[in-house]
Amino acid sequence: MPRLPSVENLFDDAGLMRFAVFAGLFVLLVLLEQLFPRRSRSQPRRQRWVTNGALIVIDTLALRLILPVAALGMAGIAEARGWGLFNMIDWPVWLEIILCVVILDIAIYWQHVATHRVPLLWRLHKVHHVDRDLDTTSGFRFHPLEIVGSMIFKIALVALLGPAIVAVFIFELLLNAGSMFSHANLRLPPRLDRALRLALVTPDMHRIHHSTREHETNTNYGFSTSAWDRLFGTYRDDPQDGHERMTIGLDEYQDERPARLLPSLAIPFACSRPDASNRK
Ligand SMILES: [Zn+2]
């Protein structure tokens, strides 16, 4: 089996490269947040960071322990076995990469919409939305069951699509980088924000999605490009109360629980009041 070691090496290199981009961007964004903060914090940063940091460690372990393969691994398997649409047609690689990244990104947009509309999925997604401050660490604050469910969805998509491995790599890199950038507590010059928003999701654009006002939460679902919100009619320009005065989080969790790990992990299993579970 001469092929396997090289495929494994590719995954190792890809993992290392993804981690390097992730760590580099994280440090850069945290520095920029210090220099140009958009909002003052409502909770102590240390406690939130410990909780959000613990969640990313738990999420990473959950993915490794529960799933035998990730989306990138599935792309390798699909290629080796000829599975999926793109392994059946012989298109130029550049076209396949663009199409696959676009299709996967649209799918993640609709997955995000579903997490707000399906009550069971909303229970898990709430763990992300209860964060009362937004910063770079909010970009990876998710319940482990949501992360595992999302990875199963991506693995299934990759098995059906059969995209080039590099397309999955680029898509995941954009998703991670986009999630960190769009959650950053970062003040961009208004003209730069407006220019970037033509194509990308800026922190000001995504913050509206984290408003306690329900009609604002159900807008701006995109993580990396603003195109899908504009196309599917869920784009919103500004929050009703302004970026500095708007309340972030969920009305029923404006307390200490979001900054603590165990209460955060327990959120999906809490008995919810009818008004809390009926968010649409
Ligand atoms: Zn959301």
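For all residues, glycine too, the Cβ spot is worked out from N, Cα and C.
Listed in TrEMBL for this protein:
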type	residues	note
TRANSMEM	16-37	transmembrane segment
TRANSMEM	49-71	transmembrane segment
TRANSMEM	91-110	transmembrane segment
DOMAIN	98-234	domain 'Fatty acid hydroxylase'
TRANSMEM	151-175	transmembrane segment
Stretch of maximal Cβ-Cβ contact with the transmembrane segment (49-71) [cut-off: under 8 Å; candidates 16-37, 91-110, 151-175]: 151-175
Tally of DSSP helical, extended and coil residues in the domain 'Fatty acid hydroxylase' (98-234): 98 helix, 4 strand, 35 coil
